[in-house]
Amino acid sequence: MATPGAYQEHLPAVPSWLNKGDNAWQITASTLVGLQSMPGLVILYASIVKKKWAVNSAFMALYAFAAVLICWVLVCYRMAFGDQLFPFWGKGSPALGQNYLIRRAAVPESTHYYENGSIETAMIEPFYPMASLVYFQFNFAAITMILLAGSVLGRMNIRAWMAFVPLWLIFSYTVGAFSLWGGGFLFHWGVIDYSGGYVIHLSSGIAGFTAAYWVGPRLRSDRERFPPNNILLMLAGAGLLWMGWSGFNGGAPYAANIDASIAVLNTNICAATSLLVWTSLDVVFFGKPSVIGAVQGMMTGLVCITPGAGVVQSWAAIVMGMLSGSIPWFSMMILHKKSSLLQKVDDTLGVFHTHAVAGLLGGLLTGLLAEPTLCRLILPVTNTRGAFYGGNGGVQFLKQLVAALFVIGWNIVSTTLILLAIKLFMPLRMPDDELMIGDDAVHGEEAYALWGDGEKYDPTKHGWHASSYGEDAGQTRFVNGAARGVTINL
């Protein structure tokens, strides 16, 4: 039977190795992950913070998304997925050349060998061009950086943040990515991090907490009262984050295969379970369900399932959801209030609890619940299994623990050194006079075109600039600083 024309080789745009379905899914998954950041987390951050910090919080996320992409293609992609420089780091070089981007995708250090030197698992070579893989992995790097920003919202000097983003990407993120995904020592040791429980969430939670310590706290008034300025819009951002996670975990196998299907189902099961458990605990202990709490529960469920989404059974996803909805809840609501260290560090959005605690929990639970048949579908070490399934599963749990300690240690040290280096050139924290005002002092912009609280309409401040239209225009439109027409008393 003849091969349908759509699947035939048509050089040069459709070489024999190109699988159009895999390529289409990988680009789609990349876009879904990108939507989690821009606009997902941009909207969520702008909405969940105090009104005076809406613009600054959104801009920190927006800047990180753009800056990470340029750094990624200039040097960072190949530090994370290129040829080995050290067992934990790749050789940095650009991923911009035409010849590099149109060839078949490959992770050169991913060939895994038995002890006798024979090949156990062949090199990762997806059936699409390198350009698809570079873009997919960029979105993971970008969201890691934006999640980290959640710890320092509402006080970090924007210039310090602009310097911090490329430095942390180079000296922290690429190390974790190469070690666990790019063919580094943890990859070949058999540590399971299916889609970033350690590379993304544990690292962003620990680095964010460390950064919050060095940057310093918000103003006392902001720490004591920091209400979200738009809960409904916050839910829109959270919805983009949840739905985008299908690309996050569904794209991790680098193919539109059965493991991707398992991962997408497990992701949504765990998130829903975690949200319901977190909300139930809020009702039991505080008497009413919290929308912000539901979003936190959703987040911890998504984070917890990520390191094992494609290698655990769906009943295990429910178990992981129950634990991710309760253990991070306890650490945030109970332990945080009793710990002097956690009280001292001003982690604005609780990224330590929602990402570091949930990511560590997910990695360790994967070491217990990873199912052998599912592991064989994707992992380089073919006899991998969780401790629940006997055999060498106990060793797997220890591997998960050691890898977590490496990620924690590296992020504490690298984040500290980067911030101390930046501090030599500029302050890490905004001055108090800017912290009192917020967006208008930092950016000269405000999130909402509303005025009240005794403030009069000022045409030079609220959008009508006499210099742009001539003095006559300004005088005819406004009388004594008030707009002609309908007057609305706010």
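Yeah, the Cβs are placed from backbone N, Cα and C, and that goes for glycine too.
As given in TrEMBL:
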| type | residues | note |
| --- | --- | --- |
| DOMAIN | 24-448 | domain 'Ammonium transporter AmtB-like' |
| TRANSMEM | 24-46 | transmembrane segment |
| TRANSMEM | 58-80 | transmembrane segment |
| TRANSMEM | 133-153 | transmembrane segment |
| TRANSMEM | 165-192 | transmembrane segment |
| TRANSMEM | 198-216 | transmembrane segment |
| TRANSMEM | 228-248 | transmembrane segment |
| TRANSMEM | 260-279 | transmembrane segment |
| TRANSMEM | 291-309 | transmembrane segment |
| TRANSMEM | 315-336 | transmembrane segment |
| TRANSMEM | 348-370 | transmembrane segment |
| TRANSMEM | 401-422 | transmembrane segment |
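Contact counts against the transmembrane segment (133-153), taken as Cβ pairs under 8 Å, peak for 58-80 among the stretches 58-80, 165-192, 198-216, 348-370. Taking the domain 'Ammonium transporter AmtB-like' (24-448) as a whole, pLDDT averages 95 in the prediction. It is 291-309 that, among the stretches 165-192, 228-248, 291-309, 315-336, forms the most Cβ pairs under 8 Å with the transmembrane segment (348-370). Of the candidate ranges 58-80, 198-216, 260-279, 291-309, 260-279 has the most C-beta pairs within less than 8 angstroms of the transmembrane segment (315-336). Contact between the transmembrane segment (228-248) and the transmembrane segment (24-46) is supported: at least 3 Cβ pairs lie under 8 Å, counting only residues 6 or more apart in sequence. Away from its own ends, the transmembrane segment (58-80) comes close to residues 37-38, 41-43, 45-46, 89-96, 134, 137-138, 141-142, 145-146, 149, 153, 156, 158, 161-162, 165-166, 169-170, 173-174, 177-178, 181-182, 443, 447 of its chain (Cβ-Cβ under 8 Å, at least six residues beyond either end). Long-range neighbours of the transmembrane segment (24-46) within the same chain, counting only residues 6 or more positions beyond its ends whose Cβ lies under 8 Å from a Cβ of the stretch, are 54-55, 57-58, 60-62, 65, 126, 128, 132-133, 135-136, 138-140, 142-143, 146-147, 149-150, 153, 230, 233-234, 236-238, 240-241, 243-248, 250-251, 254-256, 260, 349, 447.
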